[in-house]
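Quick notes on the structure that follows.
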Amino acid sequence: MLINIRYFYQFSGLHALLIGLLPFFIPVILWRQQQSLAQVAWFISISGFSFLIALGLWEKLRNSRFNHSMIKLAFFSECLLVGMLVLMPQTSFQILVLAVLNGVYSCCYWLPQRMLFKKLSTSQNSGNEFGNFQILVGILLKIGILTGGYLLENHGGSWLLALSLLISAVGLWMQQSVNNRQQIDQAVGQQTVETVPLSEVIRFKDSQNSRGVFIVDGLFLFLESYFWLLSLFFIGQQSFSRLSLIIVTLTICLSVIFFLIKRQIDKVDAYKLFQAATVLYIASWILRGWVSPDHNNLMLSIAIVAIAFFTSLFRLAFNKLFFDLADKQPTQRYLLAKSWFTQLGVGVFFAAVALLLQLLSNSQLGLPFNYDQLNNNQTVLSWIYWASAPLASIYFLYARQNAYQLAQNYR
């Protein structure tokens, strides 16, 4: 088990640093390059569909016993993504390639990360382990964000690329140890993890409403990581350094909170915790719609901390319930289904958001909208958040059929 824990945190921690250095800032970088919200939505949609294509190729590689090559691909694709962001001019074609690379990198990181986590967790400790994951990886991510924000603000793109290459080299070196190679084989190897045809993943359906929830989850994951990041960027007066400080301050507050509660998570009925967290999650989207740079700093700070806590608690509860349910069925099929349907939701929902924003911004259509408001991105983002709040109630459907059985684990 110690081997499992060590490599999981090595892999996740190094990628947290890499993501924080530059990929974390992708929506802000796109915005600074005069990309509209609709174009950012198209970028997200293309990334989602690229993930789906990469997922099929990734599973074929795993079935061909290229376990270690797949882990290496995560580091190589991230460095290629950073290199393109730093070194190449951002034409429309380059942004398209960036979106594809972003989807490939996300696939190569998230699939092994989930499989590694599943190897070290059980229904009795998944909450504690995910709490540890959120704390450690959150801290490393924010170290990367602080460093990346400072270098971006001071035109240090070449330093970002050099740091990414160095961290990736360390990751590749760590992978070569005998213990780590054994853990990779145990977590993702064909001999220890069942082979699941992609056609079976696409046809996946269960009694827990997983498929529909996974699809909707794709929308919310990228609303959190892309659109909400843009909102914080506007609140930080469009400064990379101020944005970094906001994120790091939030992390410190949340790390203290989760350190205090993470061991209690596994003692609570996972389904009841998830239901309560969903209520708070819906409230977080209502708060997001209210947040504006025009509010006073105290009220703004309280709202942003509340949003961060509600969202993090929901993600902890959702992931605990997800991994607990994965224990009760063919695990690999369930993990792949989560990735497939979540990214399908990303591709479809954000394509629809992009088309809607482009339609509404076309004044020649004579639609009954205030086009001055549509040109105010903070206003448009608020509308999107408010529209998302009722949609988040779909999460209440998750695992309802299994609620009684899950409750027995905590008695």
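The backbone N, Cα and C atoms fix where each Cβ goes, and this holds for glycine too.
Just so you know, TrEMBL annotations never went through curation; they're auto-generated.
What TrEMBL records for this protein:
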type	residues	note
TRANSMEM	7-31	transmembrane segment
TRANSMEM	37-58	transmembrane segment
TRANSMEM	70-87	transmembrane segment
TRANSMEM	93-112	transmembrane segment
TRANSMEM	133-152	transmembrane segment
TRANSMEM	158-174	transmembrane segment
TRANSMEM	213-235	transmembrane segment
TRANSMEM	241-261	transmembrane segment
TRANSMEM	273-291	transmembrane segment
TRANSMEM	297-318	transmembrane segment
TRANSMEM	339-360	transmembrane segment
TRANSMEM	380-398	transmembrane segment
Leading contact stretch, 133-152, 273-291, 297-318, 339-360, 380-398 vs the transmembrane segment (93-112) - CB distance under 8 Å:
339-360
Before we move on, state whether the transmembrane segment (37-58) and the transmembrane segment (158-174) share at least 3 Cβ pairs under 8 Å, counting only pairs 6 or more apart in sequence.
no
Can you see whether the transmembrane segment (7-31) and the transmembrane segment (380-398) are touching - at least 3 CB pairs under 8 angstroms, only pairs 6 or more apart in sequence?
no
Which range out of 70-87, 213-235, 273-291, 380-398 gives the transmembrane segment (241-261) the most CB pairs under 8 Å?
213-235
Cβ pairs under 8 Å only, please: of the recorded stretches 297-318, 339-360, 380-398, which one is richest in them relative to the transmembrane segment (133-152)?
297-318
With Cβ-Cβ distances below 8 Å as the criterion, list the same-chain residues six or more beyond the ends of the transmembrane segment (213-235) that contact it, or say none.
24, 26-28, 31, 37, 40, 44, 48, 243, 246-247, 288, 291, 293, 300, 304, 307, 311, 318, 337-338, 340-350, 377-378, 381, 384-385, 388, 391-392, 394-395, 397-398
Spatial neighbours of the transmembrane segment (70-87) far in sequence, C-beta under 8 Å, 6+ residues away:
11, 15, 18-19, 21-23, 26, 29, 58, 61-62, 94, 97-98, 101-102, 104-105, 108-109, 112, 157-158, 160-161, 164-165, 168, 171-172, 175, 184, 188
